[in-house]
């Protein structure tokens with residue numbers, strides 16, 4: 001959905017057909033920007049005071065944040081409509097698959113293209129050691145953020161909700177961690193992560209529900225990478241980001257990470273949208289291709305662990321519901337066993353046989369208990 005609306009300005013398309021002389025649709029080529037400037041103002045007593053004046057302006061660049069939230073709202077409405085929206089949803093799914101196939105074909109040519117671009121950038125900059133040093137600092141920043149998230153934030157969340165030893169749970173996910181690191185894909189590591197979660201004692205019903213959804217939409221590692229990479233690109237161009245720019249980076253990175261595909265190097269495409277939101281040139285993004293194969297593995301482990309810890313917390317919060325489901329399942333099994341008893345008829349009247357009378361009475365109690373549980 002996000003990829004589609006970033007390419008097609010659908011809401012303004014009829015205007016270009018009916019009125020070809022009009023300028024381009026402003027929301028798709030320009031974005032609003034709040035500007036602050038100091039102005040000297042003379043007070044009533046004659047003193048000149050410098051006052052910060054706010055004004056609304058525009059700047060060139062796609063209104064990425066607006067497109068993202070419009071896409072989220074549009075998709076939510078499609079989901080709420082139900083079956084009537086299925087043709088539209090199928091259209092977007094097929095279009096999204098076509099775009100992904102085109103991107104995959106282009107990716108086969110990236111080694112030659114990226115190598116040529118990088119050589120040109122290195123020659124233009126001149127100082128190779130400076131470029132290597134900057135990329136090394138960038139890698140360290142990403143890895144530091146990944147492990148702070150894994151070793152501090154996730155462990156604290158797990159302990160606060162479950163009151164269990166988070167280190168034991170973290171070690172139990174070791175095989176899934178290394179699988180995600182090796183494949184750089186959360187989807188490829190999904191079977192291993194489900195097995196590790198089962199071995200850690202997490203209910204299998206929760207695993208089957210949470211982990212596949214998390215592999216699709218929970219991209220916290222991608223959001224972290226896109227945020228750091230966007231700030232890094234701004235620093236390369238010596239652009240001073242304001243507090244509003246930092247907020248825009250965080251919000252946009254979080255929003256676009258939901259649309260990230262569970263395949264290697266998908267975050268680099270999304271980063272272009274974030275850079276457009278803060279008006280940072282994208283000419284040197286190609287430099288990140290040289291190190292993304294390595295950094296991508298670390299952020300993938302973030303995505304996987306986020307899914308696993310979420311499943312553990314959801315299980316803890318759903319203890320009562322799971323226990324009630326288990327009790328209902330046992331009652332249904334007892335009912336099936338009673339129905340299978342020889343000589344039992346639910347419409348028969350009690351006879352002198354005490355066993356048959358007891359069985360019918362027990363069956364009635366079980367039936368009433370099941371109905372009360374359901375309603």
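Every residue, even glycine, has its Cβ placed from backbone N, Cα and C.
Residues annotated as compositional bias 'Polar residues' in TrEMBL: 346-356. The region 'Disordered' annotation in TrEMBL covers 337-356. Among the features that TrEMBL reports, transmembrane segment is placed at 64-81, 102-123, 135-160, 167-189, 209-234, 246-263, 269-289.
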Listed stretch, out of 167-189, 209-234, 246-263, 269-289, that has the most CB pairs under 8 angstroms to the transmembrane segment (135-160): 209-234
Criterion met for the transmembrane segment (167-189) and the transmembrane segment (269-289) (at least three Cβ pairs under 8 Å): no
Surrounding residues of the transmembrane segment (246-263) on its own chain - C-beta under 8 Å, 6+ positions past either end: 1-3, 64-65, 68-69, 72, 100, 185-187, 215-217, 219-220, 222-223, 226-227, 230-231, 270, 273-274, 277-278, 303
